[in-house]
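Look at TrEMBL and you will find 1-12 tagged as compositional bias 'Basic and acidic residues'. What TrEMBL lists as compositional bias 'Low complexity' is 16-25. Feature annotation from TrEMBL assigns region 'Disordered' to 1-38. Among the features that TrEMBL reports, transmembrane segment is placed at 197-214, 220-239, 251-269, 275-295, 307-325, 423-446, 452-473, 494-516, 522-542, 554-574.
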Amino acid sequence: KPEETHKGEARHAARRSPSPAASAAQGDGDMAALRLDGLEQLPENGAVPQTPEPRGTSRLLSRVDAAVLPFLGGFGSYQRRLVALTWVPALLIAFSQFSDSFLLAQPKSACARNVSGIAMPSVSPIDSHSILLQPEQLVADAAAAASDYDDDAANASAPCTCGEGSRFELQAGLQHNVVTKWQLVCDEEWKVHIAKFSLLVGSIFGYLLMGAMADWLGRIPVLLVSVLSVLAFGMAVAFSVDVAMFSTLRFFEGFCLAAIRLSLFVLRIELCLPGWRFSMTVVASLVVVGGQLLMPGLAAVCRDWQILQVLIIVPFILMLPYVWVFPESLRWLLATQHYQRAKKQMYSIAQSNGVETATDPNGILTELERELQQNPRTFCITQLSSTRNLWKSIVVLCVNSLTGYGIHHCFARSVLEGSTSHLHYYALAGIAMASCVVLCPVVVGFGRRGGLLTFMIITALASLLQLGLLSLIGKYSLRYDTVLRDTLNRRFSVAFSIIGMFSSRAVSTLSIFYCAEITPTVIRGGGVGLVLASAGFGMLTAPLMELHNQKGFFLHHVILTCCTLLCIICIPLLPETAGQPLPETLAEGEGLLRRPLVPGEQHHLLARPEVREYSRVQDTPLHQVLNPSNSTANGVRT
């Protein structure tokens, strides 16, 4: 009996005290429970779970692409008509954007001697138009001296003075432009570059400021104010009395043009369903290239820069009725809880598309009626700093846009070499059009992220080959035949420059569109404005290099090439947006997930023990209580 009593006590003690393995398992469970809050913030397979939607937010009304627009007729005749109206201003904006090539074109001149032995600029005999600022006898002497200029080596080193006795000729289709009117040559040439700065710097400020205003006040108020302002400042540019007034007014003109372009771009994106967004944007890009192709003919018809400026600005009057024709963005109204205005617009859209609103199987209008008492909310691009991943994606796209436009100038310089002939101008436009055409099948086949990565790799390879590889090959393989080596290097450099211009243009276009798809509706104006402003900084490198007489150009090209390599590393971290609905709130923008580029990446990541442990934690009831609406599947929002 004592032995049985001792065994019974041992069994009771065993029941009360668990085994070491059970104790360890219980301890791991407690630690997992304690670490749950921390694990909730960790990325799962390159993505973060969506944060819960704020209270008062309608789940059905926030699904614009999946529920609201299909109920109103999808991409019907009403939306198609409005999208077509956004293409017309794109043509006018293209005229203003490429007008610098004619308004500020440098005249073709050489250095000749007059009878007193003073060097003076004279016109190349191939030009067709001239402006005479000297008596006929002195002009005849200058022409006679110019005929012997190439045979006299001493004249090549003689100083060229730009005073009285100057004569200018233009090849850009105009007889008079800003340079010839105020004689902005030689010592005054730096003012031409300042005038080019003014338009680009104004555009940068316009993208940044008016993009934030479009998120705060709406797209249409910004568009109306910008159209009225561009009419005032654009017409004033044509009547400038000096180059300082011209540059100042061009700054404000660029500011307003940037706001118009930004507003129309965002409106076009927000009107379309996922299957139509990219194709409609590419058509708008082709319209811009069409404006670039028509610009030389327009300049040849006008003959004078003031007439050309007036002819570019006056058609903006046709945009004034847009205030009545173009409604405010329905996405923006729903995302910012302007439900009273959204209700009127939804009935108008349904009527235009021939949709019967009496049958509402999903209860969209019923839910809208319940939300009418909600107060409107305002958002600003500064709220981007509160996100964990969204701001990083936008920074990556900003660097892509800056690099694309910046390195495009490096490639263009190798092709043009200072030439302003119509042949080179049309060559640039042809490359831009080919880039837009090829962009469509590449993006359809590889997606947004894959297409952007493909074109960035091509850009980097073209730049690296142009910088040094061809010179090394020629140096070691054709060291005794310098003429053949230089000829081959020149031809290969032009070939790689054309390829680089083609791919860098595609990178810039796709980066801007990509940002519009990633950025939520509540801050889409500010996000797109950041990427467009970065593109403006990239375009600003061209007049900067010209101002410094191309000094440091090689280092500039090397830095941009390094940026392309950095972009190649960062682009795979972006989420794929092809076929996905646009994010409406910051929470949805933060919830965009990154899909693996290669199929094996998913299995490799899931093979890690910590990922498997975290995936089990995601399935626990406590995690589902904390995040009831954040289920995701393989990088796709559900």
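The backbone N, Cα and C atoms fix where each Cβ goes, glycine too.
Curation plays no part in TrEMBL annotations; they are all automatic predictions.
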Any residues 6+ beyond the ends of the transmembrane segment (554-574) with a Cβ under 8 Å from its own? 46, 392-393, 396-397, 399-400, 402-403, 406-407, 410, 448-449, 452-453, 456-457, 459-460, 463-464, 467, 514, 518, 541, 545, 594, 597
Please work out which recorded stretch in 197-214, 251-269, 423-446, 522-542 has the most C-beta pairs separated by under 8 angstroms from the transmembrane segment (275-295)? 423-446
Six or more residues beyond either end and a Cβ under 8 Å away: which residues meet both conditions relative to the transmembrane segment (251-269)? 82-83, 86, 89-90, 93, 96-97, 198-207, 210-211, 214, 219-220, 222-223, 225-227, 229-230, 233-234, 237, 277, 280-281, 284, 319, 326, 329, 512-513, 516-517, 524-525, 528-529, 532, 536, 582
Which of 197-214, 220-239, 307-325, 423-446, 494-516 has the most Cβ pairs closer than 8 Å to the transmembrane segment (522-542)? 197-214
Tertiary contacts of the transmembrane segment (494-516), defined by C-beta under 8 angstroms and 6+ residue spacing from its ends, are 265-266, 269, 277-278, 281, 285, 394, 397-398, 400-401, 403-405, 407-408, 410-412, 414-415, 428, 431-432, 434-436, 438-439, 442-443, 448-449, 451-452, 455-456, 458-459, 462-463, 465-466, 470, 524, 527-528, 530-532, 535, 538, 574, 577
Folded-back contacts onto the transmembrane segment (423-446), same chain, C-beta under 8 angstroms, at least six residues removed: 101, 278-279, 282, 285-286, 289, 292-293, 296, 412, 415-416, 453-455, 498, 501-503, 505-506, 509-510, 578
